[in-house]
Amino acid sequence: MKKKQFLKESDVTAESVFFMKRRQVLKALGISAAALSLPHAAHADLLSWFKGNDRPPAPAGKPLEFSKPAAWQNNLPLTPVDKVSGYNNFYEFGLDKADPAANAGSLKTDPWTLKISGEVAKPLTLDHDDLTRRFPLEERIYRMRCVEAWSMVVPWIGFPLHKLLALAEPTSNAKYVAFETIYAPEQMPGQQDRFIGGGLKYPYVEGLRLDEAMHPLTLMTVGVYGKALPPQNGAPVRLIVPWKYGFKGIKSIVSIKLTRERPPTTWNLAAPDEYGFYANVNPHVDHPRWSQATERFIGSGGILDVQRQPTLLFNGYADQVASLYRGLDLRENF
């Protein structure tokens, strides 16, 4: 089935409009001082567009060897590498979208240890080299949808999580998978200072049901645009679950633990009425403070680059994953 494309050449904003003075742009968008008083996550991405014309460098990671299976290639317009590497949420390095690229160079990613434990027959420990050599790597072009109602299309490189979990041999007691980011406050300013880190409790933790973790789409990601992940994108290994909001994509993972009970997750702990455990992309279930019916695609230009496009149920992966939630109330279990 041919996939719907929502971006047209006419959607791209003229260069003369993009380079309007900041005050003119704010006025044109109807953004008032009151709007800017909203909680940071609701508007920090918007303000990041007005930081000037400087662009962070492209990822400087080493080139990776990987295949490009036809099943994971498509004709979706890719988000440019400078946006993928320079427009990020990684609160351990600051709240502004440009902060991770500016501050994440302090993160030491080699050596690295990733432990797989819990309800498994064969606990595992992987080192830095294992992450790129133990499993065949493949490039997958995935949509990425942030809960803040913006989106990207990214050529991630990695291996299916189910291959790693299969080596550990989950026991019959395993129902969930818990993930944990490195805790290194000496390297991560947001873990040192609650103001810098958005008031979250660290280390960052996430979780999936076991069947979600075993789904072929769920990717342990070690690279982007042909190279190893840069620190601001979650080096050396992060999770990508393309049918869920981006905050489920935990970065810089040091622990994977299979559990009997549903594990706590950082954003659900911080604001349970706003961020659910499932976090499936759903245009029919709004965030309490903004609509999820549409999204802004982050393309090659600035804030006025494209028109909004419709949000797709499960981020366009409904055919592959909807059966996981048969009989589940998606409004209640958001």
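Keep in mind that glycine also has a Cβ here, set from the backbone N, Cα and C atoms.
Thr181 is the residue from Thr181, Thr294, Thr311 that Swiss-Prot records in the Mo-molybdopterin site together with Asn88, Tyr91, Glu92, Cys146, Asn233, Arg238, Gly249, Ile250, Lys251. Secondary structure at Glu92 (Mo-molybdopterin binding site), taken from DSSP and collapsed to helix, strand or coil, is helix. All protein chains included, Arg238 (Mo-molybdopterin binding site) registers 23 other Cβ atoms within 10 Å of its own Cβ. Between the listed binding-site residues, namely Asn88, Thr181, the fewest other CB atoms within 10 angstroms of a CB are found at Thr181. Taken residue by residue with DSSP, Ile250 (Mo-molybdopterin binding site) is part of neither helix nor strand, so it is coil.
Close to Glu92 (Mo-molybdopterin binding site) in the fold, though at least 6 residues off in sequence, lie Thr181, Met188, Pro189, Gly190, Gln191, Gly197, Tyr202, Tyr204, each with a CB less than 8 Å from its CB. Within the same chain, residues at least six positions away from Ile250 (Mo-molybdopterin binding site) with a Cβ under 8 Å of its Cβ are Phe179, Glu180, Thr181, Tyr204, Val205, Glu206, Gly234, Arg238, Leu239. When the Cα positions of Asn88, Tyr91, Glu92, Cys146, Thr181, Asn233, Arg238, Gly249, Ile250, Lys251 are compared pair by pair, the longest gap among these Mo-molybdopterin-binding residues is 19 Å.
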